[in-house]
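Features of the protein shown, as given by TrEMBL:
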- 1-53: region 'Disordered' (REGION)
- 1-23: compositional bias 'Low complexity' (COMPBIAS)
- 72-223: domain 'Glycerol-3-phosphate dehydrogenase NAD-dependent N-terminal' (DOMAIN)
- S79, F80, R100, Y117, K173, A205, R320, E346: NADPH binding site (BINDING)
- K173, G201, K256, D309, S319, R320, N321: sn-glycerol 3-phosphate binding site (BINDING)
- 245-380: domain 'Glycerol-3-phosphate dehydrogenase NAD-dependent C-terminal' (DOMAIN)
- 413-438: region 'Disordered' (REGION)
- 423-438: compositional bias 'Basic and acidic residues' (COMPBIAS)
Amino acid sequence: MTSPNDSNKNNNSANNEAGNNTSEKQNGMLASILERASKSGIGRKKSTRSPVESAVAKDMADIHSNPTKLRLAFLGGGSFGTAMANLAARNGCDATLWVRNKRTVKAMAKTQTNKKYLPGYKLDDRLKYSHDLAATVKDKDIIFIAVPGLAFRETVKNIAPLISGQSIVSLTKGMEKDTFAMMSDIIKEVLPEVNFGVMSGPNLAIEIMKNMPSATVIASESEPLRHAVQAALHSAFFRVFASDDVRGVELGGALKNIYAIAMGMAAAYEVGENTKAMILTRALAEMSRFGVEEGANPLTFLGLSGVGDLYATCSSELSRNYRIGNMLGRGMSIDAAVKKLGQTAEGVNTIQQVHEKATKAGIYMPITHALYAVIYEDKAALGVALHLMEAGFRSDVEFVMAHDHSNAALTAHMKNSSNSAKDNTKDDAKSKNSDADK
Ligand SMILES: NC(=O)C1=CN([C@@H]2O[C@H](COP(=O)(O)OP(=O)(O)OC[C@H]3O[C@@H](n4cnc5c(N)ncnc54)[C@H](OP(=O)(O)O)[C@@H]3O)[C@@H](O)[C@H]2O)C=CC1
Ligand SMILES: O=C(CO)COP(=O)(O)O
């Protein structure tokens, strides 16, 4: 069950020996858990089923006649941490959800609902809740982290002294402020000897709570960890696919938030389907271009964590990033939109990080630069959009046919794309600000 690649890819030289031992321990442990899982049997409690549930009841019965008894911690009591912890508990895992607010923990344990983030959805009665981080993390097989990107480093640092052999999986789709670190970078930096993975895909939490069939991707260099996450979360409602392109999967989840904001904004202007299709596909081109520069495999962006998540968040008002864009498109300021949302919208920070990084590295990211100009430089949305449409000739899929850089005008445009967006003047969207912000 173990893979020869698992132990060392993530270790730095200073920690090699200790790291090897820890990784071997982890791999052995995960392999034995998976073996135990395939032999064990735990029944599933009966519950009222939705039509979708009934249709897949037989598959569920098969899966639940052979569940895993993995011990799992989920850190972060927002909509996604709760939804994933609930799936794991329903699969028969020993799942504990850690929430930072003591009163929230009490209320969740009492009502078996997450009133603030997932009101109205009853959680599995086997799910445990805790405010005690050390007790939650101790003796677990896998720790899933689902806090916002801006709180990720702090969370990893808090659990660092408590790590003995646990693996870590990031569910977070953000980037660290000012450092451009992805969550996997933070894990590697703070806990260099630990096995880790990232999970990402089109996973709107409310749809998962409604048992609407969904799928995701677990990306890790560790094969046992990939298998363990699949065993823990996979069900007839939720398919867990595997990848070893950690960078690509993680970037797909983070970058699509930028374009969900763009699409929400476009929807406010009542654009047509052709326009939406153009934004979606050029977003994919931009994401994969950036991904390749960052060491990702461009083909990963054709998978669930790329085009899959891009589609889900760019077409649904359930996406908080889409809603932010929509509010901006209706003339609200970014601060007012964030306040009104009251939940995590990673794209707000990601636009800034990617704009900066792409500008420094000379990566052509016209949609990101345009959004940055509208949101952070107070430029007119319509003027910026028009400017995007006037950009020079490009090839459709640059991995099929490279751009013709001999076109001097085009090259000049590419170099100045972010700066020239700044020259547009303020128009209707911003003029609506004062009204919409109220
Ligand atoms: N919701 C979704 O559909 C999906 C979300 N994701 C990703 O999951 C991550 C979390 O998002 P989501 O669950 O939706 O966020 P929510 O906005 O629903 O909730 C955020 C949660 O994180 C907690 N939190 C905030 N700061 C800290 C901190 N410093 N330490 C501990 N806990 C903290 C909040 O606690 P409090 O209430 O006390 O403020 C709250 O419980 C994001 O990166 C998101 O992109 C991924 C897939 C789907
Ligand atoms: O990532 C998500 C769905 O896959 C959730 O998107 P939002 O964070 O925009 O709500």
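Please read every residue number as a count from 1 along the shown chain.
Here the Cβ of each residue, glycine as well, is placed from N, Cα and C on the backbone.
Bear in mind that the values here come from a model prediction, so they are computed numbers and not experimental data.
Location within the structure of each feature annotated in TrEMBL.
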residue	record	DSSP class
S79	NADPH binding site	helix
R100	NADPH binding site	coil
Y117	NADPH binding site	coil
A205	NADPH binding site	helix
K256	sn-glycerol 3-phosphate binding site	helix
D309	sn-glycerol 3-phosphate binding site	helix
S319	sn-glycerol 3-phosphate binding site	coil
E346	NADPH binding site	coil
When you measure from the Cβ of N321 (sn-glycerol 3-phosphate binding site), how many other Cβ atoms are you left with inside 10 Å? 27
Candidates R100, K173, K256, R320 (binding-site residues); min other-Cβ count within 10 Å returns R100
Entries of S79, F80, R100, Y117, A205, K256 (binding-site residues) sitting next to ligand 2, with Cβ under 6 Å as the cut-off: none
I'd like the Cβ neighbour count for S79 (NADPH binding site), meaning other Cβ atoms within 10 Å of its Cβ, all protein chains included. 23
Contacting binding-site residues for ligand 1, chosen from R100, D309, S319 when the Cβ sits under 6 angstroms of any of its atoms: R100
Under 8 Å Cβ-Cβ from Y117 (NADPH binding site), six or more apart in the same chain: what's there? G77, G78, S79, T82, A205, Q343
Checking the binding-site residues D309, E346 for other Cβ atoms within 10 Å of each Cβ, the smallest tally belongs to E346
How does the model score the domain 'Glycerol-3-phosphate dehydrogenase NAD-dependent C-terminal' (245-380) in terms of mean pLDDT? 97
